[in-house]
Each structure stands twice: as structure tokens, then as C-alpha cells.
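Have a look at the structure below, then the notes.
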Amino acid sequence: MTIEVLKERIPDFAKDVRLNLSSMASDETLGEQTKYGLLVATAIATRNVEVIAAIEAEAAGKLSPAALGAAKSAAAIMAMNNVYYRFVHLASNKDYATMPARLRMNVIANPGVDKADFELWSLAVSAINGCGMCIDSHEKVLLQAGVSTAAIQTAVRFAAIMQSVAVSIEAGAASLAVAAE
């Protein structure tokens, strides 16, 4: 499965989503590794098997094994960190912010790819997962590394599109299941 096949799976009620996916696929704002790592990380964050399979197929040959692994690591480590740090951020009791997290996250310091790419992927996954504290932290690191606000916005736009693709496909499948009853 590829992005083209994925587009065909998007129901007509989500035509805008289909068009956004087409625009994202042809967007050349980001470098190849940055873009395809971003697509893989955000696809994984949607938790939709069809989306993940299509994006991984699309990324095949465009990402080195190290970059593919790093993109998957970004999604995995953010799945943990986004829950923990969203709690720390939202809890009324601010004592939690002073406590050690006691979570292993060595991959952040040594992702095996360009640090800015990994941070951008982590920021996009954090946007999907809704962790404001993580978003702020990754944005700060990216800006210090010289990544433009336009590139950051592109990453978050891609995350938004990827999430909407997953939701649209799931909504279409649910509609078909109901119609079949």
C-alpha cells in the first residue's frame, strides 16, 4: 500500500483530507529524510494500521534503516513522554514537576540521525498527542538549532493531515460496517 492507495481509501465526505494528503505528498519544503521520517513518525502516532503500512511502504527506499528506526523511536518515546509530561503540566499539584521522571529516554540524546530531524519528528508526534509542555520543549530546541518557524509549522501541518487521514479512513470503515448490518 502507498499514499496513492491510501488516498483511494479516504471517503468522499473527506475530500479536503484527500486533497491535503496529495499536497503533503508532493510538498518539497523539507528534505527527503526529514519529510519521510516525519511521515513515518506521525503515521505511527495515529495508531492506524492502514496509514502506518502505507506510509512505511512510501518511505521504503527513501529512508536509511537508521532513519526509519529513529522515526519509529520518536513515535515510541513520545507515546511515553507525552502522557507523562502532559500529566505534569496539567496537574494542579506542581510537586510533580520537581520529581525525577525516572523514564529511560536515551534515544533523545542519541537518535542515530540528525538531532534536528528527530526533534522535528518528536514535536509533530507531540502535537498529535496533545502535550503542550513537550511541544514547547521541542520547539525551543529546534529554534536554537536554526530550524525555521516555517519548517516547524510544516511539520505540524503534516501531523494534522496524517491524523485527519486516519480518522477519515476509520469513519468510512465504520459507516460501511453500519450499512452492512
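Just so you know, glycine gets a Cβ as well, placed from its N, Cα and C.
According to its DSSP assignment, Cys131 (active site, proton donor) is coil. Under 8 Å, Cβ to Cβ, and six or more positions away along its own chain, Cys131 (active site, proton donor) finds Met78, Asn81, Asn82, Val83, Tyr85, Arg86, His89. According to Swiss-Prot, the feature active site, proton donor maps to Cys131.
The number of other CB atoms found within 10 A of the CB of Cys134 (disulfide bond), across every protein chain shown, is 22. Per Swiss-Prot, disulfide bond is recorded for Cys131-Cys134.
What Swiss-Prot lists as active site, cysteine sulfenic acid (-SOH) intermediate is Cys134, and the listing cites sequence analysis.
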